[in-house]
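Below is one structure, written out as structure tokens; comments come after it.
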């Protein structure tokens, strides 16, 4: 397909309608495009061309014919649909426009235009479906500048790169059009650069090509070969360079644009008008040297780096796509008449009844209404054994039904499901910024101006005191300095590591909310953990009953268990289960009241019953001394004791034990080895807590801690200079998770706990914390290595390119070698970041 791009190079910079919230003006009035809405030609409003007012605006036309056509049906020519993203584009101000096979196409951004140019047939002829428009409310961000956020697609105003959608990506997005386009441009530039290299470097390699062809003819051939590379293949680079200048955000594209543009324009003038150059520009034989091969090879090598970067970024999304693939695409819905039909999962509503057959994935979160089965929940819990499910049991979308059929009720759908929240968390984390990036940004802000200054100084120094041809050598040194300096490596150092680390973490059940959590956890020195559910199984069992006075054990357990049926605490469930196993009857309870961190009370079978810990007894003014010996013995065995009070008098106690998880001891040792001090903060009494802590080697115990006491503990430790990570799983833990330097939500837990935490573990045990710690340390180590590569490379490369080694070794770096080194620096950073995919967690 023949594509004709309209000549708007002098206008090509970041899309002015992008609504980016980054503090930069999107366009200046002087740069506004005025386009004939009929034929698409650009029009100078001051040139006296025909114009027409409509809808409060003035439209300008290239000719009276176009004006007449517009006047007949103006509404038909006001806007056009972007064939790539489907957005409506104002035809009279469209910045991006081209013609293909006689048709006119308008685009909202350079990114959409590049996608169209990469595969016009896909968007023009409808040979395959175009990408679905992003969901309403989708925000877009720059992969290199995550602080840039836009409410529509387009180009980054800082660097000109295509903005990418934030949040959950589509699962059927297909190949990245930008990658397809860049690969095509790479092939063209590489194929044309090879003969340029042969012509330009032939004399150094003993190839008499220039002599055989003739110097003037060889130079014109170089001009013909280099022009498509610079003016077509490198066009995206120049657009980004122009965007950086217009928006006063100098970056790597500024340097590349200056370097390639300078080498090419100088060579064109040297070819077409060599007589204007003085002797200081002329080499052997009084010929003016040209650098077409340098310009073309630089472009090809930059494309190598860009293609590798795009492929690496594409691979980092594989973790998200793997999670998305866990969700089924359809579900079997049962209507009010009992008829069943397959519907897209997106069409499921809360309270819908769904049938799940053996081997199918549970479509959304909900609970069992009818039937029973076993469900593989390993994607959430990490446990390999299927879990039995019957009426009333909860279900998580994406888990696999093994051997039975059941009917479920949908309770959480769409973005509210556990799986969707996990995917959204991973996607946002990959776009987040680590605090260390702030230091990099401050360096980058002065880096590009400093490099331009060094290039200018290098040129002046060579021109003043360099050997002949000193002006040509000065130009060579200046171009080499511009090209070798690579802020790209600096820009990639942190984001690439964060993207890969968050994806790797998701695959290991460690969900990172943002990059700051990783950096803080790597520096943390103190970890606060709860006992129940974190160190222990979280499934306590009733072990002992001790009645006091004339109250029988069955009566004691009956009233205590009846009261606890109103509580959701794991210890309450243990007492209720124990009563059911013993066949003790339950009675009616009224006036139930829960005392946070203390216990419960209410009226059971006409008796005022209270059940709780020592704090509950203190509130009631009851002395537990009569049962102190029994209490201490049970606590010494690591059991949790709860006192039972009937009508204001001590009636007895019940004891519950929670088995320590098999993985806990090894995990605590691993956390100790990583330099963490471990503090157990629990609502249990001192004796029980210390018994558990001693068996596990925990450093410090804080017992009888109420939920609000955990936040006070964090404040106390922080005042001593500690960097604190806090692990919790419930609503009561949310304030402490938010107050800690790093909050760690254990298991899928409560929604508010996940929102308050920087890290969420899909499996609620210490092994997940070990993985998170290792991931955090590996990520920060990787970032420091990347920054070392980037800073070290520039510290060495820029002086060498400027020519500091020439007086010693007679070495003047070619811009081609500089471009190769620049690409190598980016490749080294990307390759090093990719090692995180294989880090031992």
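Yeah, the Cβs are placed from backbone N, Cα and C, and that goes for glycine too.
Among the ranges 779-799, 800-820, the stretch that Swiss-Prot annotates as transmembrane segment is 800-820. The transmembrane segment annotation in Swiss-Prot falls on one of the ranges 602-622, 665-685, 686-706, 707-727, namely 602-622.
The highest number of surrounding Cβ atoms within 10 Å, among the recorded positions 530, 733, is found at 733. Within the chain, the transmembrane segment (602-622) has long-range Cβ neighbours (under 8 A, six or more residues past its boundaries) at 558-560, 562-564, 566, 587-593, 595, 641-650, 654, 683, 685, 704, 706. Between the transmembrane segment (256-276) and the stretches 218-238, 445-465, 638-658, 800-820, it is 218-238 that has the most C-beta pairs under 8 angstroms. Sequence-distant neighbours of the transmembrane segment (218-238) (same chain, 6+ residues past either end, Cβ-Cβ under 8 Å): 9, 12, 110, 114, 160, 181-182, 185-186, 188-189, 192-193, 195-196, 199-200, 209-210, 253, 256-257, 260-261, 264, 267-268, 271, 290, 292-293, 295-296, 299-300, 302-303.
The separation of residue 733 (Mg(2+) binding site) from residue 530 (active site, 4-aspartylphosphate intermediate), Cα to Cα, is 10 Å. In the three-state DSSP scheme, residue 733 (Mg(2+) binding site) falls into the helix class.
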